[in-house]
Amino acid sequence: MDTRPIGFLDSGVGGLTVVCELIRQLPHEKIVYIGDSARAPYGPRPKKQIKEYTWELVNFLLTQNVKMIVFACNTATAVAWEEVKAALDIPVLGVVLPGASAAIKSTTKGQVGVIGTPMTVASDIYRKKIQLLAPSVQVRSLACPKFVPIVESNEMCSSIAKKIVYDSLSPLVGKIDTLVLGCTHYPLLRPIIQNVMGPSVKLIDSGAECVRDISVLLNYFDINGNYHQKAVKHRFFTTANPEIFQEIASIWLKQKINVEHVTL
């Protein structure tokens, strides 16, 4: 038994979609979450800067005595995950491979779409992972740089959000049967995305898929938390305004949480 927390990092609030699923599946595990909303979005930034910011988040989590780090950010996974994983002596998990694997299982026509930040799409990481496992699957990738700012400003239900999502996704409509939400912010726009793509297109939440892998690693390294612990205290940190973060988090997690400000 290991009662240390699991650390989550993201460029902002998007990684809460992963946390929500973890709380549902593994309610006995403690969580420490750091969201770098002050510098979001990461997607348009240079690779060197993204790597630098990611390491700052990693080092912060290490000060919290975490037993595992989850990259709840596709951009950080694409740019820095392999380097961080090789450097640390605790498990480090990314969201890309679980999402790619789920897309392969889901597609019936071999036509998969991937939406993500400019950096995630430019890295071509999803297409590489998908076609490594299933060479016959066709992958169409599309950068959606306007989605993260919508979520970070809590405008997910606005008419502006609906127009931006419709305009952004139009190149994929009618051409795919499975769509990977290749940014953990995007599930917060899921109803609008589903409406635009149509009911026949299966949406893959890469973050939620990653929770299954978290469970596997906890078992493999024998670092599960206390299954009998009912009152688990989580900690949430943001580099931006805690009140805005708290408002979005409370809606998504369906519980009121305390958010602390941190300067990196």
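Backbone N, Cα and C define each Cβ position, glycine as well.
Per Swiss-Prot, the feature active site, proton donor/acceptor maps to Cys73, Cys183; the stated evidence is sequence analysis. Annotation source Swiss-Prot lists substrate binding site at Asp10, Ser11, Tyr42, Gly43, Asn74, Thr75, Thr184, His185, citing sequence analysis.
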Worksheet entry | Non-site residues, in chain order, whose CB comes within 8 A of the mean position of the CB atoms of Asp10, Ser11, Tyr42, Gly43, Asn74, Thr75, Thr184, His185 at substrate | Gly12, Gly14, Gly15, Ala40, Pro41, Cys73, Ala76, Thr117, Thr120, Val148, Cys183
Worksheet item: Can you count the other CB atoms that lie within 10 A of the CB of Cys183 (active site, proton donor/acceptor)?
Response: 33
Practice prompt. Compute the C-alpha separation of Cys73 (active site, proton donor/acceptor) from Asp10 (substrate binding site), stating it in Å without decimals.
Written response: 5
Discussion item. Cα-Cα, whole number of Å: Thr75 (substrate binding site) versus Cys183 (active site, proton donor/acceptor)?
Written reply: 7
Item to complete: Would you count the other CB atoms within 10 A of the CB of Thr75 (substrate binding site), including those on all shown protein chains?
Response: 34
Worksheet item: substrate site residues Asp10, Ser11, Tyr42, Gly43, Asn74, Thr75, Thr184, His185: biggest Cα-Cα distance, Å?
Response: 12
Worksheet item: Secondary structure at Thr75 (substrate binding site) (DSSP, helix/strand/coil)?
Response: helix
Worksheet item: C-alpha of Cys183 (active site, proton donor/acceptor) to C-alpha of Asp10 (substrate binding site): distance in Å?
Response: 10
